[in-house]
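Trainee: Mind having a look at this structure? Questions to follow.
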Amino acid sequence: MPGNSRAAGTHHSRPSSSEEPPDLEDQELLLAAAYVSDAQYNRNVPFETSPQAIRLYHFYNHWTMRAATYFFIWVNLALALFEEPAVFPLPFLVTSIAEVLCLTAFFGRLVHFAKVTPQKVFWKDTKNICVMVTIVLTLIDLVIYGSLEAVNIRGVRWSRALRPVFLINFPESRQIRRTFRSIRNTLPDILYVFLLFLFSMMIFSLLALKLFGDRDLRTVEGSPYFTNILDIAFELYVLVTTANSPDVMMPAYELNWWYSLYFITYIIINTYIFMSVFLAVIYNNYRKHLKNEIHTLAYLRHHKMTEAFNILKVKVGTEFVVKEARWRRLLKVVAPDVSSSHLELLLRISDEGQKGHVDKVNFLRLADLLNIRVVAINIKKHPLETWMPRVYQSSTSLLVQKMVQHRIFVWVYDVIILINAIFIALDEKDSLISYAEWLFLSLYIIEILLKLYTYEPSAYFGRKQFWNWFDTLIIIAALLATVANTTIQARKYNSQQVLDIVLILRILRLLRVIVSIQRFRVIVTTLINIGPTMLTFGGLVLVVYYAFAIIGMEVFHGKIHFLDPGSGSPDALVCGNPALKDSAFAQGRYCKNNFNDLASSLILLTELTVVNQWHILADGFALVTHQAAKLYFIGFHVVVVILIVNIFIAFILEAFFVAYSLEKSEVETAIEKKIQELGVGVQEEEVQDGGLIDNMDAKDSGFSADEGDNKKKDLKGLYFRIASKKYKTVDTLLQQMFESEIAPEGKDPSLKEILNFSPKKVNFDNSA
């Protein structure tokens with residue numbers, strides 16, 4: 001390592017700011033900004049602290065670099081759509097060149113990371129090793145496959161199943177990687193329950209063999225009933241999923257109703273008890289490991305902010321502080337897009353006594369402050385009040401505004417929406433129904449115009465006014481649908497696709513019920529709030545689906561084909577494969593459920609996740625290949641349905657309950673308190689309802705309350721509010737889920753305790 005560099009996180013002494021040359025001060029400012037930025041985004045990236053490495057690290061974390069990385073990751077994953085077996089076939093040369101370009105971008109990103117992190121840390125990091133090994137294996141596979149292709153020999157593109165490695169192992173995907181790591185650490189605890197479940201299933205399989213094997217029973221298809229131990233084990237595994245119930249029981253049940261007790265006992269023990277235990281054990285252990293991760297993140301964030309403070313601090317009196325000028329420069333580096341008004345607000349919160357400096361306690365909260373969305377609202381008069389004040393302030397105008405703001409106005413339109421729903425369900429060919437559509441549309445347009453007359457338009461359609469935009473777009477869609485429907489009927493146009501779109505647009509207007517009923521809005525907002533958490537699991541599912549889809553395409557491609565039943569071809573009845581003759585797969589017309597391209601594979605895997613009839617799909621592919629093919633489908637069920645779906649359901653439930661009853665954090669409360677003290681506060685409910693002027697505290701928009709006697713109608717300027725809960729990040733939501741279990745500030749666990757928390761040891765000598 002260079003002699004003038006030091007690993008991030010080491011303490012160091014420095015001269016006071018008055019003695020520092022400008023370039024040294026800038027270097028230390030960049031280093032402190034790197035620490036604060038890492039704390040803000042919960043990055044745990046060890047980096048060198050030489051001037052060149054710090055600048056490279058800032059560039060490494062720039063949004064353009066991250067966006068470029070994700071672009072090449074998605075291009076690399078999307079190549080499966082164009083490679084054989086392809087949805088949109090392209091020559092191998094084209095796809096291989098595109099893949100080499102992606103691999104070059106990944107290697108460049110890896111080299112960039114190697115330039116900013118200590119070498120001994122870089123070569124010990126599993127993520128980097130995985131990326132490098134995957135790049136090498138992919139290149140080897142490309143060369144081998146290309147060589148075989150040149151001599152017209154079909155090879156196997158086995159490296160395509162490794163492509164999700166890039167999505168998982170780059171630093172930008174830490175949320176998905178954290179989920180994988182928590183699942184990996186949960187597996188040992190799950191294994192014992194799974195082995196006990198298999199033991200129970202094998203005991204019941206042996207019982208079934210002895211009870212039914214020698215009775216010459218037959219299934220509906222005419223095949224022997226429960227005469228082979230492996231077939232019995234598979235059927236009983238399917239019964240756990242309830243997909244073959246009650247069909248699997250019927251031959252024995254028809255022989256003697258007492259045999260139904262065997263199946264009932266099996267279902268109670270394995271379906272209800274063991275599957276419930278699976279859910280409990282999986283989530284309990286997953287939550288434990290996730291909590292340890294959040295413990296570690298909280299400690300690391302505190303550690304990084306302390307390092308940043310130690311770099312910038314100067315001694316004033318008996319305590320160390322950060323001067324206001326340097327604090328401002330730091331914030332401009334960390335958040336260059338922050339507005340001057342927002343910066344002043346944060347400074348007022350951090351510098352409580354207006355002493356011209358920020359103490360350590362308030363400085364350590366900076367990362368949390370930056371993560372809280374503060375919305376600046378520019379309060380303006382209504383344009384009509386400016387253009388024709390007498391008319392707008394007349395008694396008739398004020399009465400209209402009061403009516404629009406009243407709750408009865410909302411109730412009336414709720415009734416109108418319900419009546420509209422009844423009319424949509426009626427026969428639209430009736431002329432009365434047709435005229436009624438125009439009446440409802442007119443009422444909706446009048447509603448929007450009245451709201452725009454009452455509330456200031458730019459505030460009503462503000463950037464964060466989701467529900468107002470939603471309501472207006474629904475009405476515009478209804479207008480387009482009604483006009484299109486009238487035009488189609490007049491010209492007797494008969495395109496079913498256009499008619500379907502028109503019908504959908506008309507029905508969408510019923511979604512306005514969500515806007516009107518407050519409890520509906522709360523639930524939808526909560527779902528939006530946990531959206532990032534669900535997307536994290538979406539990334540996890542995508543990785544698993546992609547790997548299974550590639551494996552399925554390589555193993556089962558071309559074994560099953562969909563042929564139009566109207567073509568008259570005898571192969572259409574057996575999905576293009578005589579092995580499926582008289583099978584439940586062919587009789588169920590499942591021919592489109594195949595692995596002939598990526599899109600079909602993903603649809604098939606989705607059907608397997610739903611579970612119903614998955615055993616018929618497995619039987620079909622086993623018939624056209626080998627009975628061992630069932631292991632592929634069992635493996636998918638274990639990984640996705642038993643493991644990931646159980647974790648997903650349990651985690652989403654807890655996240656929903658947390659988000660549904662989410663209270664403001666201590667830092668958010670401090671921000672709101674300061675906003676109110678400065679007289680520039682706006683309540684979120686007031687913003688949602690559009691009542692920005694009538695409900696406003698009568699104070700000037702500046703940071704002094706000297707003009708508090710101004711009338712409401714003279715209000716103008718900037719006001720602030722905490723953004724809606726739906727803007728919370730995944731890390732914020734996770735931290736709030738475990739907030740009561742994380743040590744309070746000032747009572748942080750020791751380094752040894754933190755290392756025991758984390759399933760993965762963190763090298764604090766080389767990391768922030």
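Glycine residues also receive a Cβ, built from the backbone N, Cα and C atoms like all the rest.
In TrEMBL, annotation is done automatically, which means it is predicted and not curated.
According to TrEMBL, the protein carries these features:
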REGION    1-22  region 'Disordered'
TRANSMEM  63-82  transmembrane segment
DOMAIN    71-288  domain 'Ion transport'
TRANSMEM  88-108  transmembrane segment
TRANSMEM  129-148  transmembrane segment
TRANSMEM  190-213  transmembrane segment
TRANSMEM  225-243  transmembrane segment
TRANSMEM  263-283  transmembrane segment
DOMAIN    406-661  domain 'Ion transport'
TRANSMEM  408-426  transmembrane segment
TRANSMEM  432-454  transmembrane segment
TRANSMEM  466-485  transmembrane segment
TRANSMEM  497-515  transmembrane segment
TRANSMEM  527-548  transmembrane segment
TRANSMEM  631-657  transmembrane segment
Trainee: Out of 129-148, 263-283, 408-426, 466-485, 527-548, what stretch is closest in contact terms to the transmembrane segment (432-454), meaning most Cβ pairs under 8 angstroms?
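Mentor: Comparing 129-148, 263-283, 408-426, 466-485, 527-548 against the transmembrane segment (432-454), the winner is 466-485.
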Trainee: Mind looking up the mean pLDDT for the domain 'Ion transport' (406-661) in the predicted model?
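Mentor: Here the predicted model's pLDDT, averaged over the domain 'Ion transport' (406-661), is 80.
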Trainee: Please identify the stretch among 129-148, 263-283, 631-657 with the greatest number of Cβ pairs below 8 Å relative to the transmembrane segment (190-213).
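Mentor: Going through each listed stretch, the top one turns out to be 263-283.
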Trainee: Counting only residues 6+ away from its ends, which parts of the chain sit with a Cβ under 8 Å from the transmembrane segment (263-283)?
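Mentor: That would be 186, 189-190, 193-194, 196-197, 200-201, 204, 236, 239-242, 245-246, 248-249, 252-253, 642-643, 646-647, 649-651.
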